[in-house]
Amino acid sequence: MNYSALITLAQKLIQQPSVSPNHHSCHEIIANYLEKLNFNVELMRFDNTLNLWAFHSCKKQQKHTTLLFIGHTDVVDPGDPQFWDYPPFSGLVHNNMLHGRGAIDMKGALAAMLVATANFIDQYPNYQGRIAFLITSDEEGSGINGTTKVVESLIARNEHINYCIVGEPSSQDQLGDVIKNGRRGSLTGQLTIHGSQGHVAYPQFSKNPIHLIIPALSDLLNITWDREKSILFPPTAIQITNIYSNHKNNNVTPHTVILNFNVRFNDKCSIDNIKRYINDIFTRHTLPYNINWKLSAEPYFSKPGQLTNVAINAIKYYQKFEPRLETTGGTSDGRFIAKMGTEVIELGARNHMIHKVNEYIDLIDLKLLSSIYKKIIEDLILIQ
């Protein structure tokens, strides 16, 4: 394994300030890398988002087992650089750590996938199979013009993907200790409670919507969402993310109060039931309200199969332990590929520094991740 090339590529990607949905030359870097490996590379632009679809096979006339790697080049905003020990887009290596925004989520994994693939093709130039990449710059943002649009195009072309590895940071305490094979759904709501504005010294002449909402919040947080326990996912849960009014004077009660919340839901709690439970509470409290809903993702679950078994064995080979299969955490682009009937796993770096100031990846983990990816390719493609 060419580890110096791995570190150099990861640094080059991290040094691009690709805050979502801007890829900021990352896709050109990756396209050039893949073209040197004789990949067929296609750049797909949808509105403000650039996506990359690429594939490589040795024998074009045969139907091949296809292994797809999915990743994203966009990152979340690093915030004020003064809070970072090193510039967030420096890609600096210090004390065996590669520093920078995206080191974990997920430019490190992208570099690991690419170098693993390059080493595999170099070692097995006449392999029978197909390796593909789908890379977007719109995963951390809206996701509207990213992976989902590319998948729609692939379905229209009758592309068949057997296996898919998403490079999201799935690991927790040790690299490879967790493989994700599904995620809960995500439903966001913005609730507006209507009152009437007035002077704080004369509450009898106004209806303070902040006071009105307080009794209902306790009921909201104590909803029994799941009528039976899911064997695939964690329980459905709600989190209130913001409560605010647009009024700034301390001697005036506001006309409205706005509450933002998010529900992560499993297969035992439907979207319709979530809306009904929440509407029932505010109706029961006789509050004048309206809710704007946004569905970000429905739950997805990928039944463990050949890819999962191969990944488990690859991790056991290098780490000497067996990983856990989980469906915890946030949403991922794996849900779009799962619609194609593809076996999907998420396997990547440790997630302890995801979206945090001073994000970094241990170089030992980066090298190990690339080695695990390469062994998965070998065991899936060569042993058919």
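Cβ coordinates come from backbone N, Cα and C, glycine included.
Database features (Swiss-Prot):
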- Asp74: active site (ACT_SITE)
- Glu139: active site, proton acceptor (ACT_SITE)
- His72, Asp105, Glu168: Zn(2+) 1 binding site (BINDING)
- Asp105, Glu140, His355: Zn(2+) 2 binding site (BINDING)
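Distances between the Cα of Asp74 (active site) and those of the binding-site residues Asp105, Glu140, His355 are shortest for Glu140. Here the Cα atom of His355 (Zn(2+) 2 binding site) is found 13 Å from that of Glu139 (active site, proton acceptor).
Same-chain residues that are not part of Asp105, Glu140, His355 yet have a Cβ within 8 Å of the Cβ center of the Zn(2+) 2 site turn out to be Val75, Val76, Gly102, Met106, Ile354. Here Glu140 (Zn(2+) 2 binding site) is positioned 10 angstrom away from Asp105 (Zn(2+) 1 binding site), judged by their C-alpha atoms. For His72 (Zn(2+) 1 binding site), the Cβ neighbour count at a 10 Å cut-off comes to 33, with all displayed protein chains included. Remark: Glu139 (active site, proton acceptor) has Ser20, His72, Asp74, Gly146, Thr147, Asp333 as non-local neighbours, by Cβ distance under 8 Å and separation of at least 6 in sequence.
Taking the recorded positions Asp74, Asp105, Glu140, Glu168 in turn, the residue surrounded by the fewest other Cβ atoms inside 10 Å of its Cβ turns out to be Glu140.
When the Cα atoms are compared, Glu168 (Zn(2+) 1 binding site) and Glu140 (Zn(2+) 2 binding site) turn out to be 12 Å apart. Within 10 Å of the Cβ of His355 (Zn(2+) 2 binding site) there are 16 other Cβ atoms, across all protein chains. Sitting within 8 Å of the Cβ centre of His72, Asp105, Glu168, and not among those site residues for Zn(2+) 1, are the Cβ atoms of Gly71, Met106, Ala109, Glu139, Glu140, Val166, Gly167, Pro169, Ser332, Gly348.
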